[in-house]
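Asker: After the C-alpha cells below, expect a handful of questions from me.
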Amino acid sequence: MAGILDFAPAIVLLPFLSFLIALGAGRYMPKGGALAGIGATAGSFVLSIATFFAVSGGQTYNQTIYTWAEGLDAINLTFGLLIDPLSSMMLVIVTLVALLVHIFSLGYMNDEGETGLPRYYAGLGLFTASMLGFVVADNLLMAFMFFELVGLCSYLLIGFHFRQDGPPSAAKKAFLVTRFGDYFFLIGVVAVFATFGSAAFAGPDAFPVLAEEALAGEHSVNTFLGMGEQAWFTVVGLLVLGGVVGKSAQFPLHTWLPDAMEGPTPVSALIHAATMVAAGVYLVARMYGFYVLTPTTLAIIALIGGFTALFAATMGVVKKEIKQVLAYSTISQYGYMMLGLGAGGYVAATFHLMTHAFFKALLFLGAGSVIIAMHHNENMWDMGGLKDKMPVTYYAFLSGSLALAGIVPFAGFWSKDEVLYETLIHGLGGSPILLAAYAMGLLAVFFTGFYTFRMVFLTFHGEPRSGTARDPHGVRWNVKGPLAVLGVLAATTGLVNMVPVEKLFGIEGIDFLHQFLDGSFSSLNAHHYAELIPYSSGYIGGEAGTVAIGAAVSLGFALGGAALAHVLYNVPEPVEHTDKLGSIKTVLYNNYYQDEYQVWIATGVVQPISRVLDKFDQGIVDGVVNGISSVSLFAGGRVKRVQTGVVSNYAALLTLGLTALLLGLGLLGGWFA
Amino acid sequence: MVPPQYYLLLSAAVFCIGVFGLLTRRNALLFLMSVELMLNAANINLVAFSLYWGNVTGQTFTLFTLALAAAEVAVGIGIILVLYRNFDDVDVTNATTMRW
C-alpha cells in the first residue's frame, strides 16, 4: 500500500529536523532559525492535510516502525504509527497551530528584539515534534514517552526568560505538578503491560479490545491485588487518568497552568491550544475504548471535568492580567472536554478539542498582539479603547471571544452545546452524577460568558486608561496574518458538526465530524464507542425538544453572562466592582487557596514524613552498613598488633600454634585416653 | 639392630634443641643454625624410617633435603648480609620496620 500515508513519519520528523537545525545552526541563520521552523511546520501541515484527506477516503495506517526492545517470549517494546480519523484530525490541528505560532513568533520575539532566539525556535520545534509523536503513537508506552517529552519542552519554553525570577520557578512548578500526575500514568502503563501483555491501541492485540473480550468472558487476563476484572480495569483506568489530570490541568493538579503564563505568549498559545494541555484529553480519547468499559472511571472523569469547568471559570472572573483570564478559561474549557468524554460524548469532546484549539490559539495570539501593543504590560486595567487602534486584532479577538463564550454561530457554541447535550441526555437516562456534572457545566457557561466579555470590554472598549493604551505600538503582518486565519476558523469550524440543526430541522448528513469519526478501525470508531457506553439516554419532550431546550438554556446563560459584563464593564470608565463580592473576593483572588494548601501538604505533611523516612534511611539502613564496617575496622585495629616485626615473636607464635595443633589433635584423636 | 624409637628420640631431641635456639637467641646466624638443626632432625626421622621399613626412598629424600638445606643456607646468609648492611647488626629484634 504505497500512498500518502507512508509519508506520515515525516510529519513528526520535519519539526524534529527544524529543532536540530535551530539548535545547531540557528545563530548563523537569519531570524534565528525561525525560517527552518516555519518551513518544517508548513511541510508537516501540508502532509497532515493530505493525510487527513486520505483518511477521509477510508485509508488507515497502523505500522510498527521500530522495535527498540525485543522480548523473548514476552512483550516487544516498539515505536509505531497509528493514523486513524482521530489522529489525522489532531495532526491537522497541531501542525496548523504550530505553523501559525511560528509565524506569530516572528512578530512577538524577533521584532521585539528578544535574545536567545535559536533556543526558542529549537524549543518550539521539539515541542511540536513531541506532540505530533504523541498524536500518532500506536501504543501506550510510546505515548507515555512523548507525553514526557512534551512536558520537558513545556519546561524549557515556560522558563525561556530564565534570567528573571518568575519564569524558572513557573517552569519548575509546571514540570513537577505534571510529573506528579505522570507518575501514576507510568504505573498505569506498567499495569496495562502486566494485564494484557500489549499496549497497542489498535490491531489484533489492542488492549481495549482485549479488555472488552475479557469482560465478556471470552478469555482471561492477569489481574492483581485479588480484584475482579471490572475493578482492576477501573484501577488501571484511574492510574492512567492521573497523567491526564496533570497534563490537562484538571482539578486538583491545575495549579501549574496559570503560572505557566510566565512563558512567552506564543508558547502559551501552543501549550494551551494544541500541545501539552490537549495531550491529556487526547489520551483519554485515544484509549476511549478502554474507558467506556469502566462506568466508575467515566463518572469520575465527568465529575472532575464538570467541577473543573465551574471552578476555574469562577477564578477567571476577577483576574487583572489578560493572560491569566485566558489561563483559567483554558482550564475550564478542558474541563468541558473531560465532561464530554466522561458523559459518553466522544465525538462532542473531540469536537470541542478541535474548536477550542482554534479559538484558544486565536485568543492567546490576540492577547500577544495586545501585549506587543502595550509594551509588554498585561494588566487589563491599563488598557481600554484599543479597538479603534488595532481593528484586525479586535475583530479576530472578538471572534475568538464569541466562540469561547459559546454564542451562536461561532465554533464554541456548537461544540460546548454538544458536550452539554450529551451530558444532559445521559444524565436524564438515569445518572444523577451526570446531572450534577451537567449543572456545574451549565453554570460555568454563565461565568465563561461573563469573564470573556469582561476581558474584551476592559481591553478594547471604553477610554484608554494609560499612556501606552492611548498610543499603542503597532503590529505587523506576521501578527495579523495568523490572527486573521484563526479568526475565520473560530467563526466557522463549528459548522462541521451542526448536530442541533440536524436534530431540530431533520436535515440529514450535516454532522460531518460524526461521520468522519465513524470511519476506519472498527474497534476505534465513534460508532463502536456508542455501543459500549454504559449510559442510557432520556429526553424531555422528545429528542428535538431536548436539543432545543439544552441549546436555548446554554445560549441563554452565555448571553446572560455577556450581558452582565456589558452592564458592568462596557462603560467609558469601568471600575472593578469586586467589592460587591465581599469576602468571596479575597478567596477568588487567592484562587481558593489552592497553592497554599498544596504547599501546606508539601511542607506540613510530606516533609515530616520524608524526614522520618530519611531518619530511617540514615539511621537504620545506613546504620547497619556503617556498623559492620566500624566493627571490622575496630577488630582489624586490634588484631594487626600481632605483626610486631620481631622475627622471634613470629617464631614463638608458630611454635605455639604447632603445639596447640598437636594438643588439639591428640585430645580429639584420643592419644591420652 | 638399634630399635627405631632411639632414632626418634634422637630426632626429637635435636628438633627441640633447634626450637629452643630459635626462641631464645637474637643473633641471626644462630637462627640459621637452629633452623638447620630442625631440618636435620627431620632428616634423621626419614633415614630411620627408611631403615626400619627396608625402603631406600626415605634416604633418597634425605639427599635431596640436604641439597635443599645448602641452598637455603645460601639464601639465609644473603639475607643476614643485607640485615647487617641495613641495621649494622645481626640482632633480629632490632629489625622491626615491617611491623604494623
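Every residue, even glycine, has its Cβ placed from backbone N, Cα and C.
Pulled these from TrEMBL:
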type	residues	note
TRANSMEM	A:7-28	transmembrane segment
TRANSMEM	A:34-53	transmembrane segment
DOMAIN	A:68-121	domain 'NADH-Ubiquinone oxidoreductase (complex I) chain 5 N-terminal'
TRANSMEM	A:89-108	transmembrane segment
TRANSMEM	A:120-137	transmembrane segment
DOMAIN	A:137-423	domain 'NADH:quinone oxidoreductase/Mrp antiporter transmembrane'
TRANSMEM	A:143-162	transmembrane segment
TRANSMEM	A:223-246	transmembrane segment
TRANSMEM	A:267-285	transmembrane segment
TRANSMEM	A:297-318	transmembrane segment
TRANSMEM	A:325-347	transmembrane segment
TRANSMEM	A:394-413	transmembrane segment
TRANSMEM	A:433-453	transmembrane segment
TRANSMEM	A:650-672	transmembrane segment
Asker: So how many of the residues in the domain 'NADH-Ubiquinone oxidoreductase (complex I) chain 5 N-terminal' (A:68-121) end up helix, strand or coil by DSSP?
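Answerer: In the domain 'NADH-Ubiquinone oxidoreductase (complex I) chain 5 N-terminal' (A:68-121), the DSSP-based counts are 31 helix, 9 strand, 14 coil.
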Asker: Below 8 Å between Cβ atoms, which of the listed ranges A:7-28, A:120-137, A:267-285, A:297-318, A:650-672 makes the most pairs with the transmembrane segment (A:433-453)?
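Answerer: The stretch with the most contacts is A:297-318.
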Asker: Does the transmembrane segment (A:143-162) come near the transmembrane segment (A:34-53), with 3+ Cβ pairs under 8 Å (pairs 6 or more apart)?
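Answerer: No, the transmembrane segment (A:143-162) does not contact the transmembrane segment (A:34-53).
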Asker: For the transmembrane segment (A:297-318) and the transmembrane segment (A:120-137), does the number of C-beta pairs under 8 Å, pairs 6 or more apart in sequence, reach 3 or more?
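Answerer: Touching, no - the transmembrane segment (A:297-318) and the transmembrane segment (A:120-137) miss the threshold of 3 or more Cβ pairs under 8 Å.
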Asker: Are there residues at least six beyond either end of the transmembrane segment (A:7-28) with Cβ under 8 Å to its Cβ atoms? List them, or say none.
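Answerer: Distant contacts of the transmembrane segment (A:7-28): 36-37, 39-41, 43-44, 47-48, 50-51, 61, 65, 81, 83, 91, 95, 98, 117-119, 121-123, 125-126, 128-129, 132-133, 136.
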Asker: Which sequence positions outside the transmembrane segment (A:325-347), separated from its termini by at least 6 residues, show Cβ-Cβ distances below 8 Å to it?
Answerer: 244, 248-251, 254, 257-258, 260-261, 268, 272, 277, 280-281, 284-285, 288, 291-292, 298-313, 315-316, 319, 353, 356, 360, 363-364, 367, 380, 404, 416, 418-419, 421-423, 426-427, 434, 437-438, 441, 444, 447-448, 451-452, 454-455, 497, 513-514, 517, 526, 529-530, 533-535
